[in-house]
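Annotated features, as they stand in TrEMBL:
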type	residues	note
TRANSMEM	24-42	transmembrane segment
TRANSMEM	62-82	transmembrane segment
TRANSMEM	89-112	transmembrane segment
TRANSMEM	124-147	transmembrane segment
TRANSMEM	159-178	transmembrane segment
TRANSMEM	190-210	transmembrane segment
TRANSMEM	217-235	transmembrane segment
DOMAIN	265-371	domain 'Ribosomal RNA adenine methylase transferase N-terminal'
């Protein structure tokens, strides 16, 4: 029986198809990481240009830790096509990339000032895509890639190597503006840095431990989800836990987010209330609806002063958190849908409201309550000729 001979072009085609099948995951990782890297740079360039940064600060804002972590994954994906994929250094690099991108997705999106949050007034498509690619899609896909490829984890003795990259990044940009961690996030300047590094150490050691322990796969998965959750909450403020506690106790009034809005989102919302050249006149106020544990409140106070901000919150416990956290802040407890009456009861003229910020959980409102809120907002916005900002975590 004669052997079937393939033509040179047919052999080439067969080899290409075979190569694509064998390396489908690596090819997909290259494509996703490359798109994420380029998209993120474009977005950061636009944001950095608008912020007026120049020189080293401009460079730092574009090639921030998030971007460096994405670039590291791109390198890992490209090296998968070379002879170096069996090298010990490749295993080290791939594990460091895993820890970095998980920390980026779980922690850094809330704490690192790298101008990547999405706002409706600022390149919405580019911003939203950059956020989802960097903080959701790539961490999930690379985690799956790492597991599917059965890449090796570090040993206990070499776990410290994971801290080299964040340590160098921190030391390099310590004296730069904007800083490594969003300023004024917590009362102690050293505490947030310690918590960030604690999250790195915990996640690294926990993943190594889960790999080594001999239990059923389902139990390993449960442990993994628990580890990821703990890593994400280590850097949180105690007031953030107050928000989470009230969500558990009163889910019908708190919405879907366990923690309040990210710090950079909160800061940007405060910045968007007024144009740069606008100022409050004597007696004029900024109203915050659904102040929660005070993430947005903090930046409103910083920009307008504690005497010029009114925080309206439905939950009694969170109202007390706000009063304890921001001395001198006027906190009104009640239903935000009827904020005009609440203000009048406190002898606050509705004509004095010159800006409204809302983080209300609209998804839990009844149609009747939404109509009441809309009627009050429409009247105030039109009569006072003011700007209204609403933030909520998609798709909730």
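Glycine is treated like the rest: Cβ placed from N, Cα and C.
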Region pair the transmembrane segment (217-235) / the transmembrane segment (89-112), three or more CB pairs under 8 Å: yes
Tertiary contacts of the transmembrane segment (89-112), as residues 6+ beyond its ends and Cβ separation under 8 Å: 64-66, 68-70, 72-73, 75-76, 79, 131, 134-136, 138-140, 142-143, 146, 151-154, 158, 161-162, 164-166, 180-182, 185, 192, 196, 199-200, 203-204, 207, 228, 231-232, 234-235, 259, 262-264
Residue distribution over DSSP helix, strand and coil in the domain 'Ribosomal RNA adenine methylase transferase N-terminal' (265-371): 52 helix, 20 strand, 35 coil
